[in-house]
């Protein structure tokens with residue numbers, strides 16, 4: 001695969017060109033990135049070290065934390081580096097790698113959220129058959145679908161964008177390489193390509209969102225026959241998941257289900273779904289899940305006891 005242009009690098013304008021603001025941006029996003037990574041490590045260590053969290057539901061949560069950490073790592077380190085050193089140039093291949101990473105991990109996360117909704121449906125509506133339905137083979141198959149779906153989605157996007165001729169300005173008014181800013185720099189008519197890309201991203205977003213809505217409608221209908229305590233526990237789990245779904249899908253639909261014109265609000269929206277949401281996900285699932293909180297307390301108590309010895 002070979003691109004048809006002589007463009008070797010792009011210039012990312014970032015969030016601001018004000019030196020004082022760049023220092024503030026460096027501190028803020030460095031803290032956000034540290035919280036994201038620490039949240040991922042905390043969740044994975046807690047689930048791995050706690051036998052009570054060995055169900056597929058918590059395995060999916062560990063995968064979600066891993067994907068969030070990777071998703072945030074695609075753009076956040078670059079933004080931090082650019083804010084600290086003022087380096088704005090990014091090589092063409094580096095830009096394409098960013099685009100691929102964004103859509104690989106973003107696509108995988110969208111599919112995983114749908115898988116988690118199915119898992120919640122089975123746990124709430126068919127509790128006696130949960131471990132039979134969500135056996136190791138099914139879990140492995142679903143995780144395979146998550147990764148292959150993300151890879152296929154990202155590959156389609158990168159094949160479209162890599163072949164575009166770039167022969168004019170190379171300045172991107174964004175803090176990351178993304179489809180819409182790149183389409184605006186192409187030296188050709190990109191109208192049909194915009195439709196293909198919107199269809200690809202839109203299909204992923206809308207299909208997963210529709211499946212999620214159906215899952216939760218069925219879950220809510222089935223809760224009418226459950227006890228009050230069971231309803232409260234199920235709703236607590238579902239509210240956490242629905243919150244994460246809204247935080248992830250609404251910004252993505254806003255960005256990718258419209259023409260490629262770049263809007264001033266795009267940077268803020270991109271920050272939200274590529275950095276803020278991955279940071280919030282571990283907090284949302286931990287604070288809303290009694291089993292996770294108890295497991296973290298036990299893990300901390302165990303470390304305190306071993307430290308005293």
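Each residue, glycine too, has its Cβ placed from N, Cα and C.
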Stretch carrying transmembrane segment according to Swiss-Prot (options 24-44, 171-191): 24-44
Same side of the membrane, residue 86 and residue 295, by Swiss-Prot annotation: no
Surrounding residues of the topological domain 'Extracellular' (68-103) on its own chain - C-beta under 8 Å, 6+ positions past either end: 3, 7-15, 19, 22-23, 25-26, 29-30, 32-33, 36-37, 39-40, 109, 150, 153-155, 157-158, 161-162, 166, 175-179, 182, 201, 274-275, 277-279, 281-282
Considering the transmembrane segment (24-44), which listed stretch of 104-124, 203-223, 267-287 counts the most C-beta pairs under 8 Å: 267-287
Mapped DSSP class for residue 177 (disulfide bond), helix or strand or coil: coil
Among 47-67, 104-124, 142-162, 237-257, 267-287, stretch most in contact with the transmembrane segment (203-223) (C-beta, under 8 angstroms): 104-124
Non-local residues, at least 6 beyond the ends, that sit with Cβ under 8 Å of the transmembrane segment (142-162): 1, 3, 63, 96, 99-109, 111-112, 115, 118, 179, 182-183, 193, 196-197, 200-201, 204
Residue 95 (disulfide bond) CB neighbourhood, other CB atoms within 10 A: 23
